[in-house]
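This report refers to the structure that appears directly beneath it.
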């Protein structure tokens, strides 16, 4: 993985332009401190900042085909690169890099090869034979990418806003699952799974198929030539990632090179829910566990730097990015270069607490589709940029293409949260890993209630942010907010505070348009707010805003339901058996 920057078809190909491209590329050096590369062909410049993970010795970029007629700069991990190499016996590869296959696939298949890549990626490919170029981004948008246009007719591509915002007349986020061809000068969606149309699937729930698909997604991500670890908050998602990694690590190439002892990492305020749960899971799995604590003041002091790196003013994202940003620096200091993380599960399985109020399976499924499509603006952006701020890569197995296909093909009736039947959020995922004979996790961890990352690091974190913002944003400033910020007008002092910082770094109008807006309750989309009339008066992205659902809701007087965590999991989760056909049946 790395940072990429490309300027294509510019009117100025002089030395001064090359110097400017190098200067902008260095703005992305935090993403790739191991190597800097720049290749110029006529009026096109392809620059690269490398974080060396696979083939550190020879995988420097840009990459080329045999006669160097095709040039590629890539930010990505191609997990099936060894299989692709076998399918291209007549090609000679210059490096052992997983990304080296891209130029050769294009040579064989033209623009139709992108869906053959199993992994995460953003790349720019220049075909010098006709001076055409191709840009593509992975299916969900795990890697970050932006596109811009210059007044001179040039097209700019960069991994982060700061690589192009000062030089382009207009720029925007490059849409996930799309490619952009210079021949058509338009975007084309290459990723077209069945769920994208939001049609309601009807496949029966097969817990073993779901489990095996996830295990496969985790194992394929253990492709590495450098040290790695796993983020472990003690919640369901990170705990499953850690459990599967620990279970299969010994038989991988990574274990032969670095040993089969898994390192795990957790961050939180002193005494936070995540630190306690993370330590318990680490002890259960036998990982080498590293706890990092921070104070509210540590987080507040880092806010400006976080916003500069994350490139958003979205409240939820900044709240969660700050602890991750602080933790990533500590992890990198230990010599670790990448981590596995649990992003994406809540979107796929309806894990956010507001899904308790989904009125039917159709609404439930369509909301999961909306959430997955928006991941590149929120959790993927956070995971990518808060880690890459320190040259650390995050891999996310829940967002594996094959796993998503399996999970999103399940009849959403099985995903619905039904307390009266003992089915809490993400029940189908919990049940898939509820193995009595060879348990993956302790029961109470497997059935721990959802904590959003910004809550789990310590509830006083969000409260501290609100108090800090209130000291810097006056009531008069809030009254004028619609005039100062007519687009995505901040409706809280915390949001106003973040917006002021963002606009200082990225003052251009296209920059503010890259950030999503609209009302939200506990991380919902605006559409889902319609599920409960009371939510419109309590719009806050924290999970504690899900009154009557979260066990530590803001106003405990309004919680009139029994806490899920107050009941033994065996009593609320029906014992399930798997039929010979792989269908779960209640016993």
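Placed from the backbone N, Cα and C atoms, the Cβ positions cover glycine too.
Keep in mind it's a predicted model, so treat the numbers as computed, not measured.
Annotated features, as they stand in TrEMBL:
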DOMAIN    2-185  domain 'Glutamine amidotransferase type-2'
ACT_SITE  2  active site, for GATase activity
BINDING   98  L-glutamine binding site
BINDING   231, 267, 341, 342  ATP binding site
SITE      343  site 'Important for beta-aspartyl-AMP intermediate formation'
Just to confirm: which same-chain residues, 6+ apart in sequence, have a Cβ under 8 Å from the Cβ of the residue listed as 'L-glutamine binding site'? 54, 55, 76, 77, 78, 79, 81, 119, 223
Here's one to test understanding: among the binding-site residues 231, 267, 341, 342, whose C-alpha is closest in space to the C-alpha of the residue listed as 'active site, for GATase activity'? 341
Of all the recorded positions given, 2, 231, which residue's CB has the most CB neighbours within 10 A? 2
Run through the Cβ atoms and count how many others sit within 10 Å of the one on residue 342 (ATP binding site). 25
Cβ density check for residue 341 (ATP binding site), other Cβ within 10 Å (all protein chains) comes to 26
Sequence-ordered list of residues in the chain of residue 267 (ATP binding site) that lie 6 or more positions away and have a Cβ within less than 8 Å of its Cβ, or none, is 274, 275, 291, 292, 293, 294, 323, 324, 326, 327, 330, 457
Given a separation of at least six residues and a C-beta threshold under 8 Å, show me what packs close to residue 343 (site 'Important for beta-aspartyl-AMP intermediate formation') in the same chain. 237, 375, 379, 380, 382, 383, 394, 396, 398, 399
